[in-house]
């Protein structure tokens with residue numbers, strides 16, 4: 001069970017960050033911004049959460065077992081999956097028109 | 001489950017999994033004993049009382065095939081209507097029913113039950129066990145599926161089938177715009193069928209985690225099991241949003257609670273979010289088992305092992321998670337800001353990566369091995385040709401600007417058929433041709449199957465390839481005539497003609513199955529020379545699967561080498577010496593033998609229970625809400641009877657599983673299958689609760705505000721009421737640990753007190769739920785919590801009864817553990833709901 | 001085949017893509033950008049399909065020594081990431097370019113109902129001009145359509161000018177159109193909305209002068225409140 005928990009921790013962190021940033025974005029845009037987007041503060045908040053989330057993967061990477069056995073490699077790959085997903089799916093906070 | 005080793009310790013302790021082989025016995029004697037215990041009763045009654053996974057798995061798949069045929073006939077009607085631009089074949093109202101039913105049948109009554117049936121039929125064989133974890137639940141799921149499907153079909157026959165599209169968007173599906181029972185048929189029928197999906201998900205999860213042959217590590221189990229583990233986990237989390245949405249929409253239609261009505265604070269987009277939160281993972285729920293089939297069959301057809309096992313498991317994991325981050329790509333045109341669209345666009349694109357990893361791993365496997373062009377391989381090639389294109393158009397649709405043009409056009413129709421027929425139907429046909437000898441014991445007749453494949457391939461691509469262009473030329477989905485667009489005629493006519501070719505192909509495929517089952521020659525065991533346990537048994541497979549359960553030494557062998565040894569009883573738990581259905585339960589990680597589970601025998605109880613649920617559904621459909629409430633009484637009573645069947649009884653002595661290995665029976669074991677199963681149920685249940693909270697948050701934050709009427713609640717009174725509920729539930733959660741009769745009585749009282757307080761609050765303090773969506777959602781959350789208190793009270797009463805009967809002893813726990821788990825969950829959701837309520841009041 | 005014959009074939013193919021609702025016959029910069037995106041993705045997809053099926057075909061044969069990582073990591077991960085990354089980037093870039101923005105574009109209203117459209121624009125005096133199933137817009141400049149719905153969800157779509165945008169009761173959505181030249185463009189409801197769905201069509205008329213002089217255009221126009 002602990003192994004399974006380790007296996008899903010990286011993707012779970014992605015799921016949490018994805019939901020959190022999507023929710024924050026919805027909340028910020030509902031606050032009555034114009035079509036041009038959020039003011040600097042709200043965008044900085046989104047970027048901040050994203051960066052903090054990326055940093056949060058570091059301890060997970062450290063927790064992941066080392067070694068080349070399959071049961072050691074899988075949790076490591078899983079953390080990388082979570083990290084890659086966080087980078088790719090949430091990078092739009094930096095450049096894309098927000099509201 | 002406490003004995004799951006850490007990864008580092010796993011290899012060190014792996015030796016302790018070793019189970020000594022038993023001395024050989026006479027195979028025929030074992031076979032007779034086991035058959036007597038495991039077979040179905042005779043005759044029609046025997047079909048009704050059957051709980052065996054082989055019987056029910058096949059029945060799931062057979063029924064799904066019938067629904068596939070019905071859905072296919074409906075699609076013929078659609079294509080006939082669209083063949084010309086002024087089609088007068090169907091009137092619009094009927095056409096709307098037909099395309100709605102085509103989609104709903106193919107999704108809910110064909111694809112999902114088909115994959116459940118495959119999992120139920122195959123997994124125990126593949127993992128080296130004798131049945132699924134909860135045989136009665138398998139049967140219950142089947143009957144719910146059948147009855148729900150029949151309700152929907154009956155509605156179609158009487159012309160009152162759902163007609164709002166398989167996605168049931170509100171407000172089109174609300175009581176104002178869809179009066180009549182058409183929409184209710186969908187909401188109630190599909191929810192009824194979904195009982196089977198959740199039931200299957202629970203037992204597939206438990207079976208894979210706890211019933212693998214001793215020594216079959218999680219990281220070494222056949223890939224199909226990994227795929228099904230991913231699928232069942234997704235079903236546990238994916239179906240609850242749909243169930244929540246359906247219940248809310250039915251409440252809106254029946255009682256006027258305006259969750260989705262924008263004039264009273266609701267939001268049509270909330271329905272879309274809940275629906276697609278289910279709807280997109282659904283696509284991967286359908287794809288994963290099919291991909292699992294590919295990963296099983298390709299290596300066998302290529303006389304090699306799978307390439308990149310670890311990468312494939314990682315890909316499954318990525319798919320399971322990423323597929324929950326794509327749902328908004330069905331909603332790119334509803335006016336969501338571009339940044340949010342970009343999140344979901346990126347996730348939709350990213351999900352193609354794990355898919356690509358699998359596709360290339362399969363092709364690499366073919367390079368590594370020596371592919372032999374048997375019939376399953378034809379269908380696998382059909383998969384590659386079709387699915388690759390479907391995947392690429394999927395990537396196109398993930399691109400926001402292109403989606404704005406292509407969304408809701410025939411392009412999407414083409415794409416989804418490429419993905420679903422390419423990614424599901426072709427692999428299922430490969431699976432059917434691969435495993436049929438194990439089902440029928442017959443070899444196939446050459447020629448028909450190959451011909452069927454070519455006709456299907458031609459018919460499919462002839463129908464759908466050109467449909468991409470139809471969509472790009474502007475033809476929207478779900479229109480029945482297009483008088484102003486003669487340029488679409490040749491495209492549609494071509495699709496229609498080839499669709500009939502496709503139908504002929506499917507008919508030939510079924511003919512091939514029938515010919516093989518009736519006229520085929522007897523086949524030898526293990527006709528494919530496979531490495532997996534599913535073939536390490538006689539053909540057709542016996543009701544008990546294995547005369548003795550495979551142990552470590554059988555896992556490294558080919559099926560051909562293992563089969564005789566297993567039949568002679570050289571594995572674990574040989575025969576049926578105690579005259580009851582027994583199987584071995586192992587630990588999650590390395591599959592260390594843990595205890596022996598005694599399974600229930602044949603019973604009609606699942607039929608009675610699902611029939612009584614069916615009565616409730618019918619009463620709801622008829623608008624007889626009082627009678628519907630009354631119909632819940634037999635449901636509750638039958639669940640009680642069901643639970644009584646799980647009480648400790650009979651011979652509770654430890655069982656000799658293998659030489660020098662005696663294990664307790666599950667009544668005396670700490671972590672039984674039921675406990676793992678309840679944990680899985682609570683995952684689904686918790687997701688349902690989160691879906692409701694999502695609704696609260698969505699309506700509070702995103703929905704354009706329609707001010708609610710002034711609240712009528714008195715703050716102090718309400719807080720006192722909430723306080724009473726909270727204290728009572730925390731008390732109930734605490735006393736459960738005490739493990740005494742008086743504690744159970746106290747728990748029962750506390751739950752009843754909390755329930756009474758909730759009812760009092762609801763009737764004295766809660767605002768009219770029909771006035772505003774906010775109050776409707778509060779009422780819905782209160783109803784959810786109240787229902788859980790009621791069940792907690794019933795469980796406490798059940799435990800009290802077990803104390804009275806003397807069934808709870810220092811050795812046997814009875815239902816005590818289950819009640820504790822449920823009570824903790826109930827207390828947690830109640831407290832969380834109260835916090836959310838207080839926060840919501842505080843903010844406004 | 002000779003070159004003229006090839007050119008003729010290509011022409012036939014392109015002609016087959018034409019039609020009043022065809023996204024492949026764009027008549028404005030927004031629809032044109034999306035059409036280019038489509039053609040580029042189509043070319044890429046065709047190449048990938050040929051590549052993958054070629055690998056599949058080469059798989060039939062004697063066993064070969066092959067490295068797992070080449071397949072799972074090289075092709076599965078990096079090859080697909082490279083392609084998908086560029087497609088995503090192109091998509092987001094085009095998306096940003098065609099979004100409605102606060103740039104003083106002409107604004108018109110589209111109100112959907114079962115089953116038809118009521119459009120409103122302002123005439124030279126600022127009075128509301130209403131029309132049913134006929135939308136007037138200026139040609140050669142961006143126009144924002146504010147889309148609302150009376151009853152159920154509909155979707156506003158003029159394929160030759162831009163992508164679609166849903167009309168959702170309780171909300172106002174904004175879609176941006178731009179027509180290169182004056183003319184008539186067809187529109188259609190793209191979201192299933194009941195038995196009248198197939199007939200919920202409309203026309204967009206792009207005018208060279210704006211606001212247009214509609215005094216001699218028949219009786220369809222009503223001035224001011226209905």
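Every residue, even glycine, has its Cβ placed from backbone N, Cα and C.
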With the ranges B:142-161, B:522-541, B:542-561 to choose from, which does TrEMBL describe as transmembrane segment? B:142-161
Integer average pLDDT (0 to 100) for the domain 'Cytochrome oxidase subunit I profile' (B:39-553): 96
Of the stretches B:596-619, B:678-703, B:743-761, which racks up the most C-beta pairs under 8 Å with the transmembrane segment (B:223-249)? B:678-703
Folded-back contacts onto the transmembrane segment (B:489-515), same chain, C-beta under 8 angstroms, at least six residues removed: 65, 68-69, 72, 75-76, 79-80, 82-85, 429, 432-433, 436, 444-445, 448-449, 451-464, 466-467, 469-470, 473, 475
What residues elsewhere in the chain lie close to the transmembrane segment (B:306-328), defined as a C-beta under 8 angstroms and at least 6 residues from its ends? 219, 223, 226-227, 230, 233-234, 237-238, 273, 276-277, 279-281, 283-284, 287-288, 295, 298-299, 336, 340-341, 343-344, 347-348, 350-351, 353-355, 357-358, 361-362, 364-365, 368, 398
Hey, would you say the transmembrane segment (B:181-202) packs against the transmembrane segment (B:142-161), going by three or more CB pairs under 8 A that are 6+ residues apart? yes
Hey, does the transmembrane segment (B:142-161) touch the transmembrane segment (B:781-800), meaning at least 3 C-beta pairs closer than 8 angstroms, sequence gap 6 or more? no
Are there 3 or more C-beta pairs under 8 Å linking the transmembrane segment (B:269-294) with the transmembrane segment (B:821-843), counting only pairs at least 6 apart in sequence? no
For the transmembrane segment (B:269-294) and the transmembrane segment (B:743-761), check the count of CB pairs under 8 Å (sequence separation 6 or more) and say whether it reaches 3 or more. no
Interface present between the transmembrane segment (B:596-619) and the transmembrane segment (B:142-161) (three or more C-beta pairs under 8 A): yes
Could you pull out which residues elsewhere in the chain have a CB under 8 Å from any CB of the transmembrane segment (B:596-619), counting only those six or more residues past its ends? 37, 40-41, 45-46, 48-51, 130-131, 133, 135-137, 139-140, 142-144, 147-148, 151, 188-189, 192, 195, 573, 580-585, 625, 627-628, 630-632, 634-635, 638-639, 641-642, 645, 650, 655, 657, 663-667, 672-673
If we skip the immediate neighbours and take only residues 6+ beyond the ends of the transmembrane segment (B:743-761), which ones have a Cβ under 8 Å from one of its Cβ atoms? 718, 721-722, 724-725, 728-729, 731-732, 735-737, 782, 785-786, 789-790, 792-793, 796-797, 799-800, 803, 816, 819, 823, 826, 830
